[in-house]
Amino acid sequence: MPNKTIKVCVRTRPTATFAAEQIVIDGDKNSIVINKKQTAEEAASTLNNAQTNFKFQFHHVLHNASQDTVYETLARDVVQDVVDGINGTIMTYGQTGSGKTFTMLGDMNNYMHRGIAPRCIAHVFAEVGARIETAYRISCTYMEIYNERIFDLLKALSDEDARAEYTIAEERGGRGVFVRGLTEVEVSSEAEALNLLYSGQLARTTAQHKLNRTSNRSHSIFTIVIQQQSRSGVSERVVTSKLNLVDLAGSERLKKTMESSDGASVPIDATLKKESMYINQSLTYLEQCVVALGRRGGGHVAYRQTKLTSVLKDALGGNCATLLFACMWGEAAHLEETVSTLRLASRMMRVQNSAHAVEQADPAKLAKRQELTIRELRQELLM
């Protein structure tokens, strides 16, 4: 496949107090115009030259869209590519409380409100079940990056190794970037995969603050690995592809996070402060990688600055069909964070990936063929 830019879709969080005077959405043109109002203090300042008007263009803008529309618009195509043998990544990005996790996971207690991840799982098993001429092996991993450490979400909390150190490796020509030692569970049904997704989600690190009652304090990556080969037994060809479902922790300003409901400041919790520092740091390095990848002429891309960018190396400028859902909270109080989210999303559209299927020989079948060839040669020598 030829190089393609990362697809970007902006999704707005439904709200009764949408800042319609300051945020203008044109769904037909997939554009967003933002007109920030200056405060009296900013307007009076002679040194103030901050930009107040912004215009952004994206592949899709979904305003007050249903979960079904979100999946069918773009996510379905990525999953189809993965089943066909091409790596895929779907990411959700935005400020805390903008609807990232709802977009990715949805409401576990409401089937109609299920998110991208459970729909992806259902799609994969529906496609695999219909292709009777091909044998499939499907497995899953689930990890979180919390305070710049990788944790395995599929290991029991009582397991002594659950908080072990994990290293990131890269297999060229094979499965690409992966985390060495991460639990990989083979699944044979949609129900088994969903059980891993939901049980792993319960193990994620969360905290309560003003912007979100159950804010995820980590980046999570649920990966579906698909190996496929012909049932005929004639070919040794094995195609391996993977689908990464990435729920990024929310970018946030600590001042807003630590405000009480009446706007007064509350004492800063040391743990929350540390978590926010790591989250914002990793998202800053993510943006730096995106900027470097979108720059003409290329140049060095500092993937190794953080665990997040190291793990996402394939998805950012590599062998992968990547889709970003930029989630925005369109209220006046969150205008600054909205502009920040849309800036990164706009830059992401300049990143080009080269997605193609990766084929390898099945070692067992290759060995059998070699044994057969040796037997035939021996028989020829005896004649």
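Including glycine, each Cβ sits where the backbone N, Cα and C put it.
Quick look at what TrEMBL annotates:
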| type | residues | note |
| --- | --- | --- |
| DOMAIN | 5-351 | domain 'Kinesin motor' |
| BINDING | Gly94, Gln95, Thr96, Gly97, Ser98, Gly99, Lys100, Thr101 | ATP binding site |
**OP:** List the same-chain residues at least 6 positions away in sequence whose Cβ sits under 8 Å from the Cβ of Thr101 (ATP binding site), in sequence order, or say none.
**Re:** Thr92, Gly115, Asn216, Asp247
**OP:** Looking only at the domain 'Kinesin motor' (5-351), report the model's average pLDDT.
**Re:** 87
Original post:
For Gly94 (ATP binding site), what is the secondary structure state per DSSP, taken as helix, strand or coil?
Top reply: strand
Original post:
With every protein chain in view, how many other Cβ atoms are within 10 Å of the Cβ of Gly97 (ATP binding site)?
Top reply: 23
**OP:** Tell me the Cβ contacts of Lys100 (ATP binding site) under 8 Å, same chain only and six or more apart in sequence, or just say none.
**Re:** Thr92, Tyr93, Gly94, Asp247, Leu248, Gly250, Phe325, Cys327
Subject >> Entry from the binding-site residues list Gln95, Thr96, Ser98 having the most other CB atoms no farther than 10 A >> reply: Ser98
Subject >> Cβ neighbour count within 10 Å of Gly94 (ATP binding site) >> reply: 28
Subject >> Chain-internal residues near Gly99 (ATP binding site), provided their CB is under 8 angstroms and they sit 6+ positions away >> reply: Arg11, Arg13, Cys327, Trp329
